[in-house]
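Features reported for this protein in Swiss-Prot:
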- 1-193: domain 'TLC' (DOMAIN)
- 9-29: transmembrane segment (TRANSMEM)
- 43-63: transmembrane segment (TRANSMEM)
- 74-94: transmembrane segment (TRANSMEM)
- 96-116: transmembrane segment (TRANSMEM)
- 131-151: transmembrane segment (TRANSMEM)
- 165-185: transmembrane segment (TRANSMEM)
Amino acid sequence: MDYKQSNLFLFPIGLGSTYIFYKKICGTFCSIDNDLEVNPYLTHGILMLTLVYFLSDYYLMIVKYNPKHNVYFVHHFIGIVSIYFSYMKYYYLIKYLFAYLTFELSTPFLNIAIKYRNQGVYNKCSIFSELAFFILFTVVRIIFGTYLWFVTSNTLSSIEYPYNYLIVLPTILQFLNYWWYYRILKILRAKLFGCINKED
């Protein structure tokens, strides 16, 4: 889907998940007994919006297949499976799902930055978009994401067999974040010291 449609989903998903995380998960993050229901309409609404986003984008990626986007099939599949298991089978894990959904705070700024780059526009808005994306990606997906990976992996490893193998989901997702971050750093280096490779 195009960047405008994508951002219509991602802004409320990222902001809503951050609000839920801040209000009810912060401070009791490692407790499986904490009450998640900040507002049931908000929590279920964010979950439904996220599921609709993943499924619709998955469908569009199939219809408009581009081999460069194969990694997003993995990303969206992890999201869909995580929603199912955390909502239908292990509801106490849903706090981790909302923590992971805070990752989407960075994506709208990436979409905007790509739009400006494709149009060959370089102005204050494009600079702000790139800077906001880099900072948010670093803080949310790399620093917080690494911590979240360890916490989630520890919790998932204690689930009964065979569902303890769900540990592969946050592991794959975090390594995707590291791979994307490597590419981001390459682009940043090219911006500062040379030309950008169109493949990045």
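Backbone N, Cα and C atoms are what each Cβ position is placed from, and that goes for glycine too.
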Of 43-63, 74-94, 96-116, whichever stretch has the most CB pairs under 8 A to the transmembrane segment (165-185): 74-94
Within-chain partners of the transmembrane segment (96-116) [C-beta distance under 8 Å, separation at least 6 from its ends]: 3, 6-7, 10-11, 13-15, 17-18, 20-21, 25, 29, 36, 43, 46-47, 50, 82-83, 86-87, 122-123, 125-126, 129-130, 132-133, 136-137, 140-141, 144-145, 148, 151-152, 155, 170, 173, 177
